[in-house]
């Protein structure tokens, strides 16, 4: 566009455009400017108050970047999921639905969803696209394939997978798991053990077992409740032991004021007066490095019938003690570990005694050979699987009631009864028959 | 269309002399309107293509925009009363309706169930963005208004005053888009407040100008504000590109539109130009060409 001036219209201009004194011009300029500034800053202040009152922070409240199409349907069909996601750190960081649910073409997990290749339930392989270190650590942990192996044994693993995860090819499957009906186990054992389930893409596990829902909340995984959803009950009452412990008591008392969403790497005794499950076993805390391998700080494998020290247990014990040192002296930590080691060894002796009695009874034909075919089998199982483990966990987690009354006391009762039954059976000398079910 | 050859505009402060632009203001606006519809076409196409244009009504603005651009350019070429003018009026009215419907769809998409929360408004759906169609449609409709001298108020033609008000509305809507887009970051960077303040301030200046006699000081104020808006748009564009591409190790171009929307800050540039254009007020009326 070209511009050119035309002086000839200057006279006409005065006819339609009143000439005002300079002072009036300035008054109008300042009037408009001041009014505009006042209204702008007033509106800006109101918007500032609005956003502050809604406490929007970088780690919350956004559906950002997921595009409208997922929400268009899902805020009607699954509004709860949309709400959780909207409040998540993922959303705040503009991780879209498809970023997690993207399926590789041809993968067994991939389904077509409105012309998108998606996976309905993302696996660790999906998560590893953004969290490779965490998924690798998880893959090395007992939460991965070993958790599934604990119920199925080697039957659901290939030789290659057994080698990769260091699992025994000769191990037997869990007798209870196979004795109970699948209709039961899928709503029982598997609900927790599928934290290590095999996936069609070759990966094992389910990150969403802990990072539940669509909130991916740091607070959720740092609080003990999510761990307690599986680690509770008669066989591994970590939740109850924690609640009994001084750590759990402090959590109950002061936890509401802790900075649960503090950035990773900033947690220490300064912002957490006591540890939670995640802090002891996983979190970066003080000088301790964070890990998603929940075995990295455990010196004992406490779950087998005969508890045994883990490979490289000294290093793993030091890892845990680094966390303890945030609040406790070296001497008190050593005392606790020495005492707890003794509890484990004593419990091992009792379990071994019980299992020897039962083995001999079976060998002598005084009770049926198949597993869980007599009440003595169940008693022997509880001496290890329930009472034996309770006292071990109680010892390391500062739960005296679980060492004493829920642990060794119950174990001694059962062991005494077992010995009496053993004597009784041997006195009678009657060969066993397998009871019909 | 009675808008006529203009010989003297309110931007005499640029030259201290009357300006002659060899094109009517209405045609100038029609030309820029068609450009805007094309830009919006590209913007909406990219945004909705990321959703694979699902649901099917996401096609509506994509199909409508080029039609509206064509209509505006036809009227630009042949600015006479008649079929084209009536068609242009109808199409731009449709644009207003589409903008309102789009606002509704985006609002619904950003809500969880039936609840529209603050968190929902900070969603990836830019809830207020479809109001651009309301603004563009309104401008298109306003081009049909007469610029008769007897329609003057505050020595501004009725068309100019309504265009100023429409552009003020658009600035305000854009400020809201920026506000909710940046609210998701918690405004941790203070400079993310700038577009909100810029948008509201520009809206106020345009609004107040619609009720003020045009004169040199106010022209300078309005022109400066629009230039400032243009600069904010350019800076925002740079910031958004940086926010999208920094620290990821690789460039995913979809991110440019997926995350901090790359084109969005350029709306402040666009609006800066609109503000200047709509204030081109023919002080001397001439007969129809």
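Backbone N, Cα and C define each Cβ position, glycine as well.
As recorded in TrEMBL:
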TRANSMEM  B:29-50  transmembrane segment
TRANSMEM  B:56-77  transmembrane segment
TRANSMEM  B:89-107  transmembrane segment
TRANSMEM  B:127-145  transmembrane segment
TRANSMEM  B:161-180  transmembrane segment
TRANSMEM  B:192-211  transmembrane segment
TRANSMEM  B:218-242  transmembrane segment
TRANSMEM  B:262-280  transmembrane segment
- prompt: Looking at the stretches B:56-77, B:127-145, B:161-180, B:192-211, B:262-280, which one shares the most CB pairs under 8 Å with the transmembrane segment (B:218-242)?
  reply: B:262-280
Message: For the transmembrane segment (B:56-77), give me same-chain residues lying six or more residues beyond its boundaries with a C-beta closer than 8 angstroms to one of its C-beta atoms, as numbers and ranges.
response: 27, 30-31, 33-35, 37-38, 40-41, 44-45, 48, 84-85, 87-88, 91-92, 94-95, 98, 101-102, 105, 130, 133, 136-137, 140, 143
Message: Is it the case that the transmembrane segment (B:127-145) and the transmembrane segment (B:89-107) touch, counting contact as three or more CB pairs under 8 Å in which the residues of each pair are 6 or more positions apart?
response: yes
